[in-house]
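Residues or ranges marked as signal peptide by Swiss-Prot: 1-30. The disulfide bond annotation in Swiss-Prot covers Cys163-Cys177, Cys227-Cys228, and the record cites similarity to another entry as its basis. The feature transmembrane segment is assigned by Swiss-Prot to 250-270, 279-299, 312-332, 604-624. For Cys273, the entry in Swiss-Prot reads S-palmitoyl cysteine. Per Swiss-Prot, region 'Disordered' is recorded for 420-459, 503-529. If you look up Swiss-Prot, you'll see Ser427, Ser540, Ser543 marked as phosphoserine. Per Swiss-Prot, compositional bias 'Low complexity' is recorded for 449-459.
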Amino acid sequence: MEIGGSGAPPPLLLLPLLLLLGTGLLPASSHIETRAHAEERLLKRLFSGYNKWSRPVANISDVVLVRFGLSIAQLIDVDEKNQMMTTNVWVKQEWHDYKLRWDPGDYENVTSIRIPSELIWRPDIVLYNNADGDFAVTHLTKAHLFYDGRVQWTPPAIYKSSCSIDVTFFPFDQQNCTMKFGSWTYDKAKIDLVSMHSRVDQLDFWESGEWVIVDAVGTYNTRKYECCAEIYPDITYAFIIRRLPLFYTINLIIPCLLISCLTVLVFYLPSECGEKVTLCISVLLSLTVFLLLITEIIPSTSLVIPLIGEYLLFTMIFVTLSIVITVFVLNVHHRSPRTHTMPAWVRRVFLDIVPRLLFMKRPSVVKDNCRRLIESMHKMANAPRFWPEPESEPGILGDICNQGLSPAPTFCNRMDTAVETQPTCRSPSHKVPDLKTSEVEKASPCPSPGSCHPPNSSGAPVLIKARSLSVQHVPSSQEAAEGSIRCRSRSIQYCVSQDGAASLTESKPTGSPASLKTRPSQLPVSDQTSPCKCTCKEPSPVSPITVLKAGGTKAPPQHLPLSPALTRAVEGVQYIADHLKAEDTDFSVKEDWKYVAMVIDRIFLWMFIIVCLLGTVGLFLPPWLAGMI
């Protein structure tokens, strides 16, 4: 552009403006140029002839004092398997270099400058217990140089230091990891270390989610190594770190405790349900799957067994032992007299002594088939009882049941019409009649075989006793033609007076039901108003009746012949009674074995509860005593 061309201001107007700008900007620009020129001149003067390989001392005998400090920024990881601790730290170093001094007045009051650390001498301080990576600082940051020769250098570094990790109380463990810093080539006569602070600086520490630093103390040490005759100094920082157990408590400890509790419940489950072994195996499978999931969580080290590993092993043995004991208890529960005989000491210990110690009460389960059969017969007969009162005829029912017998019920057909007054039946031959085994009609029980009330002379009923005697009278052809005998059943119900009953109840039955015996003189005679079903025209001097079992101990018994049908019936009743008695005995012994199994279950229930509690206390007590909880 041409000066003075069209559109340009006149030169006379620009001249004052340029003068004003020049007077205002000239001092600042000259000052900036002067300071930059001063630093440039300073750097040229400091590094002209500077050798970074020689120690910064005036005399060869002087010692370079290096002030050393450590500031931790983050605890990255603690590897229990590889025994390493990874940290992010700032390595603070400070020393004096007499060759790097100047007078600030000569250089526009420049008191400090930042220079590349590669240009100056640096102490070769390394991490002695480095496990992986570089021993020294890899990122060479700039150093801060002061006019008096003091050099400050704080490079960042990520170290993987070796750490002897003790996982005995895992996850309630506390580790002591060290970081040892010192010069690798210079001994104490050349370089000596001085600690800046007694503790590690944690002002810029980023909190970890798994570990917390309890304390970090630095100590100064000197050591003479076998390789060299010189003494080498070092500063060792001890990091006391504690694991935060919340994650392991929720995901590791609580499930183990719950599995142990499930194992205890196995012994509280009744043996009758049949699910004890199923529950044991389910608990074992769940524990196995759980162990597969936590393999990566537990420190895989062979130096020591972690406490949680011991507890898991304890739980595994706990569950396995519960399966073995459950199988044994079920074997005891299903024992019977046919397979095992209960020893006397087992009965004494597990049925008498141990239940009292455990405050156990045996369930009242009683099975008496003999008496149940009698009761069912009473219900079928719709009668108060078949047998006399205990006080008037003691021991009849009890003796029958105790001997393994079951009294056969007697039934009789009631006539549709009222029974008229007729003479008693008399056999033409005055002998015991034959018993017929065919053409047996259905029988219905007497309405009240237990007691009959025939009217006396005054019309008032008199209490008499009842006897049911199984007979079958075969009438002769003449009697059948006359139609005087009307017997419809094998069983005839006789009602005798109290005097007659007393004579019959003086003695207890002593013989077998197969041999039915009585005295003919003691047989009751049918009353005219008897409710029984056989009515005759004429009385008989000797009653032709065959009784099941009657007679006393005073008079000699007389045996009467029985029909084959009655004999088979008595044998069947005896067989049923023997079978029911044996079944009652077997049932009683089986109940004893079941109760023994219940007692064993209760013993192991309390044992496993105590062991589970002791195992839980053993898991938490040692770390608590060590001050880690």
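Heads up, residue numbers simply count up from 1 along the chain you see.
Cβ atoms are placed via backbone N, Cα and C, with glycine included.
Positions of the features from Swiss-Prot, shown on the structure.
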| residue | record | Cβ within 10 Å |
| --- | --- | --- |
| Cys163 | disulfide bond | 23 |
| Cys177 | disulfide bond | 23 |
| Cys227 | disulfide bond | 6 |
| Cys228 | disulfide bond | 9 |
| Cys273 | S-palmitoyl cysteine | 9 |
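The transmembrane segment (604-624) makes contact with the transmembrane segment (250-270): 3 or more of their CB pairs lie within 8 A, with pairs spaced 6 or more apart in sequence. Secondary structure at Cys177 (disulfide bond), taken from DSSP and collapsed to helix, strand or coil, is strand. Straight-line distance linking the Cα atoms of Cys228 (disulfide bond) and Cys163 (disulfide bond), rounded to a whole number, equals 26 Å. Each residue contributes its Cα atom, and for Cys163 (disulfide bond) and Cys227 (disulfide bond) these two points are 24 Å apart.
DSSP assigns Cys227 (disulfide bond) to coil, not to a helix or a strand.
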